[in-house]
Amino acid sequence: MGTSQSLYKSLLPLSYFSTCLGLPNFKKNKSVLTYKLQLLLSVVLIIENILGYILGFFSRLHKSEFQERSVIRRIIFESYSIGNCISSVAALTIISTRMRKFLPLILEKLSYIDNSILDIHRKRSIYLKLKTCVCVTIFFTVVIFVYFRIYDSMFWVTSFTPSEVMPLFSMLTPDFACVQFITLILLIRQRFKFVVEVLEGLCVGKRLFLCEINTLISAELYRTHIRKLRFWYNDLFEMSQVIMNCYGFYVLAELCVTTEKIIFSMFYIIRVINTISSGNSPILWSNFAELILLFSVYLLKIAGISYACHVTSSEAKNVLSMVHKLMLKTNSQQVLVELQMFRDQIRVQEVIFKPYGILTLNLHLFHSILATSVTYLVIIFQF
């Protein structure tokens, strides 16, 4: 229980922000009233988001600042707005309803694995590092939100009507949903790494050399260790599937919206560069810097999702590699049988993040999105 509380305390800043934004927090709700209030907050934010977009759309129709723009720029801006609305609603509806009961259970299982593998000093070090990373991530997320959501650097709009300001708060929801998803995936990746470390310890003989296992007692001891690792691997696999099922639709929506933003960010960056080089009209360098920073933020979001899923899948594959090494080292038939069962289990329970079977989340996806963005950019310039 103490370990579970320690892990929860490390994620406490993220839990507080998640609660305020209508997302599930990391603590199990013992009160039915608290649970209903959190669901009510999610519903209120969904209504505010949709209503804010509708009112903002009709407000912009009569706004001279938007009427002076070209039709293409107005279409791009509206696609941005509706994309943000869809990702926010997806995060609030699917994640808040499905993940709310699973998140505390995932935290308890992760804590149990920590308590079984790690000593108290290493746990403190890992939890302190986790809390630091979470606080830094939240700080930069909030700073980026405050600047880029209130001041739209893409279209350089400095004034907003009250109806356009309405959905700004709830638009922070998909940003923190992304932070939640990446954090959970990396937590699972770290536990896979712990399993690999235990297997490495068995392989190099920190306790007993497997090649020297000849007696029934020592073989039974190693079989017990390996069986525990099999249980932990199964728990981690199930947790990864639960997370992917709950966050899957949101991740797909966020990837689509962010890819669109990357394409048009690149388009406007190149246009600004051409304008500066030709000297036809004065361009503020601060606006150009904002475009570059905005493009970097979009790129970082997709890179973070892809990287977290990629390294977690790779770490799960490392478990299989270590099992193969152990199979080569042992002379005990009983241990070999247990290792073969572990190997078959890993092959069946392959850790792949594939939301709804549509695409695989890894760094290859990130490369594909970049390539697709460049391709569409070339097409846009031709017209």
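Glycine is treated like the rest: Cβ placed from N, Cα and C.
Per TrEMBL, the feature transmembrane segment maps to 37-55 (among others).
Per TrEMBL, the feature transmembrane segment maps to 75-95 (among others).
Counting only same-chain residues 6+ beyond the ends of the transmembrane segment (126-148), those with a CB under 8 A from a CB of the stretch are 6-7, 9-14, 17, 114, 118, 171-172, 175-176, 179, 183, 187, 190, 294, 297. Feature annotation from TrEMBL assigns transmembrane segment to 126-148 (among others).
Residues or ranges marked as transmembrane segment in TrEMBL: 168-188 (among others).
Within the chain, the transmembrane segment (247-270) has long-range Cβ neighbours (under 8 A, six or more residues past its boundaries) at 76, 79-80, 83-84, 86-87, 90-91, 94-95, 99, 154, 174, 177-178, 180-181, 288, 291-292, 294-295, 298-299, 301-302, 305, 355-356, 358-359, 361, 369-370, 372-374, 376-377, 380-381. If you look up TrEMBL, you'll see 247-270 (among others) marked as transmembrane segment.
According to TrEMBL, the feature transmembrane segment maps to 282-300 (among others).
The transmembrane segment annotation in TrEMBL covers 356-381 (among others).
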